[in-house]
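Worksheet: one structure, shown below.
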Amino acid sequence: MSQHQKIYPVQDPEAATARPTAPLVPRGSSRSEHGDPSKVPLNQRPQRFVPLAPPKKRRSCCCRCFCYTFCFLLLLVVAVGASIGILYLVFKPKLPDYSIDRLQLTRFALNQDSSLTTAFNVTITAKNPNEKIGIYYEDGSKITVWYMEHQLSNGSLPKFYQGHENTTVIYVEMTGQTQNASGLRTTLEEQQQRTGNIPLRIRVNQPVRVKFGKLKLFEVRFLVRCGVFVDSLATNNVIKIQSSSCKFRLRL
C-alpha cells in the first residue's frame, strides 16, 4: 500500500506581517474602513455647540484719558454755571446806563496839506443802578467821534471807581487830525443845509473790573455806541444835541 504524503500549505511569515501598500478605498472616495463620515451613528447623539461670549476689550490709556478729561470739563462747566447762577440770584446785576449830555467843538480847521484838525469836549453821564455791585474803570480806555467813515477826534476816560447806585459825570477832551479831508468840510456843510442836522457817532471802549460785594472779578470791556444828531459844527460854541441814544455791550 502506497503511502500518500499530505502537503499542507504553510504561510509565509514575511507575507503575514506585511501590510498592504495600497489603500482599501480608492482615492477620492468618502468612505473608509470606519464607514461613511457624513452619517452619524444611531447610537451617538450630535454634540451641541454653545457660542462663547467674546472677551471684553480692555480700554486703552487714550480712551481713559479722554473720558477723564471730558468729565473734568463737564464738572468745570457745571461749577462755573452754578457760580454764575448764585451770583445772579444774590446780587441781581443790572446794566449800567450812559448818555451824552454836552458836546462842544473847540477847533475845526482845514490845514494846507488838506488835513482836518478837530477838538471836542464831551460830557458823559454814567449811571450804576446796582445796589451791591461796584465798577472799577481802569486805564486803557478809548473814546472816538466819527462822521460816517471818518474819525474826527479821539481821547480817553479817566480812571475811577463807581460805587453802588452812583451817578458820575465824566468830562473828556478829545483831539484828532483827519488826512485827505479836503471835501469833508464841504460834505458836512451840505449835510447841515439839506437835513438841518449832522449825524455823529461816539464810540467808547472801556476796560473795567466788576466788584461783587468784596469779590473783585477779572477785567472785561464795556463797549458803548452812541448815535448823536447835532444842529451844526460851529467852532467855540456849544453844539445843540437834537437827539442821542446809546447801546451797551459787554465783551469778555
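Cβ atoms here come from the backbone N, Cα and C positions, even for glycine.
The N-linked glycosylation site annotation in Swiss-Prot covers Asn121, Asn154, Asn166, Asn180 and rests on sequence analysis. The region 'Disordered' annotation in Swiss-Prot covers 1-46. Among the features that Swiss-Prot reports, transmembrane segment is placed at 70-90, with the record citing sequence analysis.
Sequence features, as recorded in Swiss-Prot, placed on the structure.
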| residue | record | Cβ within 10 Å |
| --- | --- | --- |
| Asn121 | N-linked glycosylation site | 17 |
| Asn154 | N-linked glycosylation site | 16 |
| Asn166 | N-linked glycosylation site | 15 |
| Asn180 | N-linked glycosylation site | 11 |
Cβ-Cβ under 8 Å with the transmembrane segment (70-90): same-chain residues at least 6 beyond its ends: 132, 212
Compare the Cα of Asn166 (N-linked glycosylation site) against each of the glycosylation sites Asn121, Asn154, Asn180 and report the nearest. Asn121
Roughly how many Å lie between the Cα atoms of Asn154 (N-linked glycosylation site) and Asn121 (N-linked glycosylation site), rounded to a whole value? 10
Rounded to a whole angstrom, what is the C-alpha distance between Asn121 (N-linked glycosylation site) and Asn180 (N-linked glycosylation site)? 24
For Asn154 (N-linked glycosylation site), the three-state class that DSSP assigns: strand
If you run the three-state DSSP split on Asn121 (N-linked glycosylation site), which class comes out? strand
Secondary-structure category, per DSSP, in which Asn180 (N-linked glycosylation site) falls: coil
